[in-house]
Every structure is written in structure tokens, then in C-alpha cells.
């Protein structure tokens, strides 16, 4: 890509030169909530991995902000430990030394003016000493309740203001609100300080290779797109299942539930990638335009009583281990009606998808950890075989396995060897899997680099977030209005009976992923 | 798992591969290419296989190693198949040819039946490469031919040969080793002031194909006078200076590990810029299989480079 610097082309960047990676320009990253799990397990290792791959600018600075009474050396030790334990690429002393020079730590709480003034000084000093050039990203790895005060502090201390030729960006993590109204409020708070084009909302699923590969599979091939419509597709199932329970996250989860936690962001984004029309180019504007368009066409199938299901896991034996039910989890409200399993039915109201239901489900303590998109095709209209021959033939399916075991599976009928004509389902596997993933970058690496480069295509915008809430809100309201709580389901199963019934009403069934 | 097939032939090897796939199924992964490694039987062999295995974690492939044994022996083929833990994410077939089977043409004949259907073929000579890789018997089977001038006994001569006999699809690890350098230089020019570069200076060890090539690249990309000078350090490429009216951009690596980036009006910055591992270079090479025009132009640019005698202080 010839980089246009205000109309000037860099003579050393040749569009044919595909080797040359884009390195972020001089900049620094400030992490709030640096003592958290996400920061240690994902962010710090990802930053080291980027440095190791030579993608961070020379003089890159990483500043931690937290209440902990640490000196910069203590912070350095924490980052070092996190890198040694979790980084994907091998440890190299010379890379670490360069990174370590740019580490800073500022101690303080979010309402502490002095601490933010100190942070402002630190950042300014980094510009001089490390040459970060006034370009800084703020990663808010903190609960949304703290956003207003942190945003206010960033504005007050002058940290959020950028001058000509410099940038300030803010990175936020889900949850982006808990309904449409709160999402709008949150967006308003953030947008008051940072313009929308400097806000990067992380949905780490979008950083995954397999999700980006959905677009490649669909639009780079002649094989799939012609049948990717209501003429051939019977329905689509999008599943994100976890085998773990809530454990320590119980406090956070109560009152949120599976639908808000997963469907609103990850699953609706996966739906958008699966159902969207072909963008005219892969520029972020075009991509977002298509995603927004398809999300606008998404409607809930009615009546909600019959097209949605929710559940709560109960204690029992799962995979050789005795596990507690949701209500017995430590510190969890025993009266809670929070769902740990949610399934909804969406319709995409456009010509391509007319009449094709999209079933979305997610849950905790399910059979196994898996995320996949399954496109189930209609049966062949006429079979030159009699019924006994095709008794065991199911529907053709194309399954994109997002995680784990990344790849794609195609399911189709094949003759069972023998002197009788008998057709049974077989699978054809594209094992993009275990081989590639080992060396392919983590989602966070990709996303952090994109933030530093200012490349927004993998980040959902305001509009998408609000539209997703608009889709989901009626379900949440409907569930809240019901006298009975979620249906129980045994740990390690694939959800409550009501979820199976939800599909059975239209003569379909869930795939066992 | 390592399976030895002494005094064998390629159809036996093929049969065994199919049998392994049917019985084990473990390595029925999607293979994206066939990598043919041509080398002499000896201590370098395992190093090359290790590098190929490491690269296979990014590009699952079938690796066929042609290990040329004694030429003055009776013709014999010893084959070995490695799968599973002994082969990274690849399946490795080592073909040790002796006597007539150690010759180039016979080697190509042994490789042919083992190539994966449809998948692209990449040939890699980790040591000495043929004079014209594109006309070599094995090279002709491949879309992409990877050589390494630096690992040749006479790097300067090997590099001269690369320049003279370039054919689309050729590439040399000399070029791959420069990627990080080039990325840093290009990134420096992404930033203001956006001034024209007036000239450039490149310094490195007297014998250093990378230094020649980066000079050639700058000459062709910038179209300005580039001077290549010796440096007092013995770590390959050690300095690139881009001269602009307002001050030079300078990337200097005196110790071969850490580079210093100097730009006017900005603090001096250090960058980790160690020489890359072969496996890392190989993984980059396998990422793209089309002819590399920029490399071709960089090779052509070498002839426009002027030479200095006085060592440059880095």
C-alpha cells in the first residue's frame, strides 16, 4: 500500500512490496487497569510479541496506571513475568531490553487529579525522551462504570487533546452498555472526549484469523457464494459454547447474562460477517457499511416465546468433575434469574436471506468449548434413490470452526462401501487448524497493532453497537417480563430442553458441535 | 515417528506415505505446498530440516529433502519418512541418493512422484546453489526458488551470480534478512518532514551481500546516488544513511544486534535488529509465492551503486 502522507507517497513503499510490514509510527500506549487479568495474560504478551516481530516503533512506550503502590521497576517485573509466561514468540533479551526502556508506571486512583497530572507529565516526558511524538493510545481495561470519571480526567488533564499531526486514541472493551439506552449513554460519554474516529472498541473475535477468513472463503471463491442464499441455505446456526462455569466472575455476571455478554457483540458480529453482501473493497468504510446494512436488516423472529430460549446451569458431574450449579457458585445470588444459556432466532430481511432463520446460541457449562458458524443447506429436491438408501443422509453443511481447531468442514453424503447403494454423511475437513494457529498472531496482537496504525476496519463502530442492542433489547425485555426464570440444564449438556424445542417447532435440530 | 526405507525407490515411499495416512490419519492436515530442500548429506542436513519444520508451523507442507551422498558409489536410494512429533507440522521425506542418484537430474526424477497434487512447489538450497536455479532440474519443478548467497563458500561470487541470472520466481535469503531494516527505513519516511532524499550511504563488512542489496534497493527505489562503503565492524550490514536537506535519517547497527535510529529533531532511539534466523526467513519466503519484482529491481539497482574506499565510522 503506498502510504499517502497528506498526498505524498513514500518512495520506499512500493505497492508490489508485500514483504514490508507496516510499523506503527512513533507512539505510546497507556493501560488503565494494568493489574487486571486481561492486561497480564493478553495485552502485555501481545505487546512483546509485536515488538519481537519488529512491528512496534523504535522508542515505543508502555505506561501502566493503577492504584497499586508500585515503582516503575515493580511494574517492569510484572510485565517481564507476564511476557515470560504468556508470550507466543520466543524470549529475546535484546527485544525485551528495548521494550523495558519504555516502561513507566503511574500510581493513583481514577478520581485523583494529581495522579492524572503526573500521567500527563509522564506522557509529555516520553515525547521528549523516547520520541513518542505526542501520539498516545489509552487502553481502558476497566469496568464501564469507571469510564465517565476516567474520560473526564483525561479531558481535564489535557491528555485527550491532540494537536496537528498527532493523535490520541481510546480503546475500550465490552460490555458496551447493557441495553440500547446505556450504550448510547456510554457512547456519549466517550464521544464527548474522543471523536468517534479515535474510539476503538475491541471485540477480540474480530481479530481472529478464522473470522477474517470467513470473508476470504466467501468472496475469494467461486465455490460458495453462488449457494450462499435462501435458494440453497435452509438455516444458519451460530454457536459459542464454553465448558467452564462462572467461578470467580459471578459478581460481574449477575444481572448481565449470556445474551448481553455474548450475543449482543460476538454472535451478532459473526452473523454480520456470514450474512453481509460483498463490500466493494476491503477498506474499513466499505466493510462497516455492509455490516451495518445487514445488521439493519436483522429482525427477531416472533413470537419470542417460541423463538427464544434461556437456561441456567445446574450442578452435577461434568467431564469427570463435580461442578456447582450457578446458584451455588460462591458469592452468587441464589435467587438470581440471570441466564447462562441464551438462544435466539433472527431473520435477515433482504432478498438473499428471506425465510432463512439464523439461530444464535451461547452458554456456559456446555458440552465443550467451541465457537462455530454452521450453514445448513436444504435437502436435494429430488433423489434418484429410494428412502432406505438415504435414510442416514442428513443435510449438507458448511461449518466454519472459529475456535478451537480453526478451520472449515463440509458435510455431504457419500456411498457406503458395499454392494448396496446406501448414502451416508461424511465430512471433508480443511485443517487450517493446529498447524497455522501456532504461528499465527493472537487476536490481541492484530488489534493492538491496528489501533496504533489507526486502522479501524476490525472494530465495531457506535452504530453497529447501538443497532445490536436494538436487535437484542426486545428479547431481554420479554424475558424480564416473564414470571418464571430460566430453565435449568445439567452441566455438560447442550442447554435446556426449551432450546431443543425452539428448533423442533420448525422441524430442525441443533448440530452437536 | 521415523520410518527408514533403506535401498528403496520412490514408489515404495509413496506407498508408505499413503499407508501412513490411512492407518494413522494423524497428518491428514491440509498441506499448502511442497518444499524441496536440496543439500549435501552431512552436518548441515539436520539444520536445514529443523528450519523447514519450524517454518511448517506457519505453512503446513510436505518437505522433500534431497540429500546428495557419495557420487563415487554404486547407485542406491535410502529413504526416510518422518511424521508427527519428528516433523513439526510437516511430513518430511529424506531421499539420500548415492552414485548416479546423487546427480541433479536423477534428484528431480525422484522428487517428481512425491510432489503434492496441485500444490505449489518451492525449492530451497540452504547451502551451495546451482549457477542458474531457474534452469536447474529441480528448480524447473518449482514456482519459487530460494537460495542463500551468504551460506555459499564464496558469498560475493554467489551474489554476483544471483544478479546476473535472475529469473522471475528467484529469491535469496539475503533479501529476506533485510526486511526488518527496510521496514524501519520505510517507517522513518512515513513521518514528517516529507522531504526528497538527496543521496544515501550504506556501510557494511567488505564481504556482505546484504549490504550490496540494500544499496541496490535504495538506488532503484529512490533513484538517487547511493554510496557503498566498508565499515569497521564485522557484522554484515551496519549503517544506512538517507541524506535530506534538513538532516539525515540514520539507522546504524554497530554490534549486529541493536540499531540506533537517528532523525533530526527527534531523540535517538534504539531498535532490536538482530540478524534473523533461517527458519524465520524461510517462513517469510513461503508467505508469498509470486515473483518478487521489488527484489528484481533491487538486484538491478546494485550496478548503479558507487563504491567508497574509506571505512565509515558507525
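Positions of Cβ are set from backbone N, Cα and C atoms, glycine also.
Taken verbatim from TrEMBL:
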ACT_SITE  A:266  active site, proton acceptor
BINDING   A:67, A:174  NADP(+) binding site
DOMAIN    A:30-213  domain 'Glucose-6-phosphate dehydrogenase NAD-binding'
DOMAIN    A:215-511  domain 'Glucose-6-phosphate dehydrogenase C-terminal'
REGION    A:487-513  region 'Disordered'
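Note on the region 'Disordered' (A:487-513): DSSP counts are 8 helix, 5 strand, 14 coil. Under the three-state DSSP scheme, residue A:174 (NADP(+) binding site) falls in the coil class. Mean pLDDT for the domain 'Glucose-6-phosphate dehydrogenase NAD-binding' (A:30-213) in this predicted model: 91. The DSSP secondary structure for residue A:266 (active site, proton acceptor) is helix. With the fewest other C-beta atoms within 10 Å around its C-beta, A:67 stands out among the recorded positions A:67, A:174, A:266. Looking at residue A:67 (NADP(+) binding site) and residue A:266 (active site, proton acceptor), their Cα atoms lie 31 Å from each other.
Between the alpha carbons (Cα) of the residue listed as 'active site, proton acceptor' and residue A:174 (NADP(+) binding site) lies a span of roughly 10 Å.
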